[in-house]
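Trainee: So that we are looking at the same thing, I have put the structure below in structure tokens.
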Amino acid sequence: MSRSFIAKNPSVLVFLAGLALFTLLVTVFSEGFGVGGLSTSFVKTLGKTLCLCLVAIAMDLIWGYCGILSLGHFAFFGLGGYMVGMWLMYARTEIIVEGALAQGAIPPTSQEVIDGIGTQIFGVVGSSEFPSIWAFSDSLILQLMMVVLVPGLLALIFGWLAFRSRVTGVYLSILTQAMTLALALYLFQNDSGLRGNNGLSGLQNLPGVSASQDVVSIWFLWASAFALGAGYVLAAFVVSGKFGSVIRGIRDNEARVRFLGYPVESFKLMLFTLTAMIAAIAGALYYPQAGIINPAEIAPIASIYLAVWVAIGGRGRLYGAVLGAAFVSLVSTWFTGGQAPDINLGFYTIQWVDWWQVILGLSFVFVTLYAPKGIGGLFDLIKTGEKS
Amino acid sequence: MKRLLLTCLALVCACQMIFAQSAAAQAPGPLQTVLQAHAKDVAKPSRKTIQPVIDAIVASGLEPVPGFLSAWADKSVWQRKEDGLFFIGEEVAKRTYALTDVDSGAVVAEVAKKELKQLKPNSGVRGLIATALVQFQLSDPNPETRAAALLAIERAPGAALLAPLRASIPAEADPVLLARKTRIERLLTIGYDEDTAARVAAIEEMSGDLGVDVRAALNPLVARKLNVATELPEGENIADILIPGEGDLTVEAAYDLLVAAEGVPPRTTPEMIKAVLADNINGGFVAGVPVAQFTDLQTRLSAYAKLAAAGQAPGLVNDAEVQSALDLHVFYETYAEPNAAVTTAAEAALSSISTRVGLNQSLDLGLDAISLASIYFLAAIGLAITFGLMGVINMAHGEFIMMGAYTGYVVQQVIPNHTASIIVAIPLAFAVTFAAGVAMERLVIRHLYNRPLETLLATFGISIALQQLAKNIFGTQARPLTAPGWLDGAWAINDVVSISYIRIAIFVLALIFLAVFLFIMNRSRLGLETRAVTQNPRMAAAMGINPERVNMLTFGLGSGIAGIAGVAIGLYAKVTSELGSDYIVQSFMTVVVGGVGNIWGALLGAGMIGTLQKGIEWLNPSNTLAAQTYMIIFIIIFIQFRPRGIIALKGRAAGD
């Protein structure tokens, strides 16, 4: 079985080799483990890009292969980040609070430690009580399970409601966008239990780890590369078998698949939940590298950008999603980071920080109109070139 | 004889002395006499001591009193150093003052400034004088003075003003002022009348009134104060007896009150125990317990108990002792007003008022909901054409609204007159967004008909680009789009229900749009052709209709309406590049909830979403973000039950 699905997707081996080479090269040139040459912040950017590639794979599965344009997968991504961020913040604050209380003459009781952590974390939103959603935040194992379970459960409930009432096409897109907006607005409140618009911060500091950021960034790069590789193989496996054929059939003609006797809704729901979980794992790896997560991260526009990456990379092929996410997010970072030189036209200076979004938006229109296969379409051109 | 002579001499002498005196100064008038009786306080008034003086002056009932009081407050009363008499002074030449007698009003002398001393009452004293003056101003011939006096009473009501106010009512000629006087008289009666029956009658009379002033007069009467005593006192107007731990009064709060009132020892808190333990550390031990063991509350308590037993710490006040101390006392609330009959009537009146206020508030909420609904309707009506009729998902619709608002802003920069600029801006905004819509239809959407997901993506791209363009041109800060002056203010039905004129204008505009839409779709050639193309483009083309042209015009029309909506929304919200994206999700929700392809559906959808959002906001007023969250969740659930919206098209028109 495993031979057959890799044989069907020769890109898997090429991709894994490329990913391994990339990781090796970054490690060799990193400041933490290698000869130096790549700054730690750039290593973090590369690590974050790998996570974005993973969520793009999830998006490609649900959109490119199943035809469901979900505008909510970045919400799952953000939720994953929140779940891991809760443990990071709790554990790190616990160390700080215990250290501070140990200075006193009398050793603290466990209740005093918890109260101290509560005040430290929720002081910014005028509270000191732990909301019930933080119940598992003291346990890394449980919280890591929450990374997958919470977004998975949300996707399961939402998907069940949406698919069973046969909401399809653009209606589903708008509905997923509404879900994202509702979640973002809810998290923006101070009494949401996740620190309102302050979000969770200081996530780059691993509790109990004294290694420098130079080293930690490489660890996260490895973890992200491993997750991306595993996600790619999983996605390739999923789309190659019978399950893959059914979901492609749903994309091309849902009614016909239903008439053939397949439970279309169950297939869609399974895929929706699976991709939400993949997105959440990507988010859980992304935000410790970013250092902070706040509700603005899961605003509807973020999910739209996710669709933009996949469309530019070329949907319906896994490497297209990876290429699109890596290419667009790195170019965006380059342009919006102020590194691109401004162009002085004499009467007007084009500042890329201002104009990049315009170009991105218009290139999106261009890709949709004239290059629906995206960057991945270039590979088709090469292939046909070889044949002829 | 000699004796007689002597007597005569003495008489003459006496007479001469009297005459000599009257030549030097005339006898003081009645007001001057009153003033001289309090000369010291009048010359150097202080806020604490002057009230009896003012009362005495007013009580004299003399005719020149108001004139004197206002001169006094204006700092134009002078005291002559020579004899201590008070005059109203006026500067006639440099450093020379003409002195007017306070009684007769006649100028009696012109004196150099150095022989005089000016009376300078401070602002506190001037306030008291002004209050004393009010009763004279109430009957002033000038209506403006009377109105000002009434305003002064409203600002600083007092018992002293009740009688003069009552006296001035029968003579009042101005009907408006008469109504105000009567109303203020009722309010003052509630607060200050000595007759309990009159107060209760006034309270009952005003109990149906929604005015804020009535509640302001009643609330201080029923203000409550929490007290503690060993047994319930007699003769106090007690509102309620409270039991600690039940209702609003917590055990902690009750004990804190007891600590403050009776000086009993405060409850021993964990922090106090910790502090005492920390103070008594002796070589790593506290009362024989190692410090390291104090990670447990129970260990701490037992160590503290040992310390207390040894007399090194105050005794432990635990829950049982707190409870027994509380049991010995009774906690009760007293009314600020000692008269029980008055407070009972006031409570009854307030509860009947609050029922009526509640009714009116729900009316107000209804108006708010309608106005929010009309804003959503305005934002969604263009979408009802492009999405509802043509089936084109235009995610840049919000940016068309934004373009309309910015058009209004630019027009206002050119035409400063707000009325004229709005009149120009509305057709201009339509023209701009119509052109933009037509351009977009020709360049992008035309190639993507029947590929809705691609349309959605491409228009997203346009939306991103347009938003950033607006940011580049106009900056990120909000731009003002000012409404004309005649739209300022609000239509206040009473003190509770009011609606701003802008919201009424938006409501009217929404109605006009509805009418225009219905006219175009049902009565015009374009509407007929649009409906034909929507239902069956090939058949329509066979009938000689050019579907491309119709699609272009219809899309332009929808976009143009979005532009006009943008002007209206800009009037009431700030114009920013994010204006459109704030409305886009709600607009789509409105159309989807209402039912695609039906204008009445959009109307119902807007009504439902507006009412829902206002209703949720009312339940949780501090949190409008939560309201939006719950509303979206509600809509997601609603779509479960009516996936095609409130008004679903049936049969072939439903398409699919």
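Note that Cβ sites are derived from N, Cα and C of the backbone, with glycine treated the same way.
In TrEMBL, annotation is done automatically, which means it is predicted and not curated.
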Trainee: Look up transmembrane segment in TrEMBL and report which of A:12-29, A:318-335 it refers to.
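Mentor: In TrEMBL, the transmembrane segment feature sits at A:318-335.
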Trainee: At least three Cβ pairs under 8 Å linking the transmembrane segment (A:318-335) and the transmembrane segment (A:216-239), pairs spaced 6 or more in sequence?
Mentor: yes
Trainee: Taking the transmembrane segment (A:216-239) as the first stretch and the transmembrane segment (A:260-286) as the second, find out whether 3 or more Cβ pairs fall under 8 Å, excluding pairs closer than 6 in sequence.
Mentor: yes
Trainee: Take a look at A:46-64, A:71-90, A:170-188, A:292-311 and tell me which one has the most Cβ pairs under 8 Å to the transmembrane segment (A:260-286).
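Mentor: The stretch with the most close Cβ contacts to the transmembrane segment (A:260-286) is A:46-64.
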Trainee: With Cβ distances under 8 Å as the criterion, find the stretch in A:46-64, A:71-90, A:140-163, A:355-372 that has the most pairs with the transmembrane segment (A:292-311).
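Mentor: Answer, by Cβ pair count: A:71-90.
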Trainee: Count the CB pairs under 8 A between the transmembrane segment (A:170-188) and each of A:46-64, A:71-90, A:140-163, A:355-372, then give me the winner.
Mentor: A:71-90
